[in-house]
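**Student:** I am attaching a structure below and will ask some questions about it afterwards.
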């Protein structure tokens, strides 16, 4: 049995090294998701109000998932170093669950992308109609118009039927040059057309979603299938350790 054990030990060492490296990368992925979830919650909160009429649970899901992945990434490193088969099998089960969750989330996002666009249209239109320049949704609308250089839902005329237009005209966030805009011009439908962005925000956002959906789906599926590498490594290492322990009896 000695020669067999000598053949098994290099394989165990190699698998341990690979699984440790994988677990470290897995842990880093969890930390990144945790940071993104916190950033989404505190920095993108107002913008999410334009996508959904109710507060989004996405940042909490990302934060919770990231924390769980980071925790189990550390557990994976510990299980690999200890070399306990039951720990490695538990780690493989968790990676399988992560794989299934990410795969379902990626497929759902791709399949329901049209519903997402429809929800955005409804929520953004409502935000424009009820714009007052002060609440969170109004601040988010201003941010979108400034960043994307757009105005209104389909174009600047969307503002003509808003509650804000009779009072102050089109918001200054639509202005190509803010210094060249004044309230009187922005309340004049003819003059305003010469001083604000012509393209609507909805088309720009939809164009961004359509052009990047393939990339987002590819990255999501790539990350999810990478969990299978960890599952394979953990199962193989558990098998070799069991075989080595059996041969030593």
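Glycine is treated like the rest: Cβ placed from N, Cα and C.
As annotated in TrEMBL:
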- 12-40: transmembrane segment (TRANSMEM)
- 60-78: transmembrane segment (TRANSMEM)
- 90-112: transmembrane segment (TRANSMEM)
- 151-174: disulfide bond (DISULFID)
- 215-241: transmembrane segment (TRANSMEM)
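In terms of burial and nearby residues, how do these features look in this structure?
**Tutor:** Using a Cβ-Cβ cut-off under 8 Å and counting only residues 6 or more beyond its ends in the same chain, the transmembrane segment (60-78) has close neighbours at 19-20, 22-24, 26-38, 40-41, 87, 91, 94, 98, 101, 230, 234.
Taking a C-beta cut-off of under 8 Å and a sequence gap of six or more, residue 151 (disulfide bond) has these contacts in its own chain: 145, 158, 159, 170, 174, 196, 197, 198, 199, 200, 201.
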**Student:** Under an 8 Å Cβ to Cβ limit, what residues of the same chain, 6 or more beyond the ends of the transmembrane segment (12-40), are close to it?
**Tutor:** 48, 58-74, 76-77, 80-81, 83, 95, 223, 229-230, 233-234, 236-237, 240-241, 244
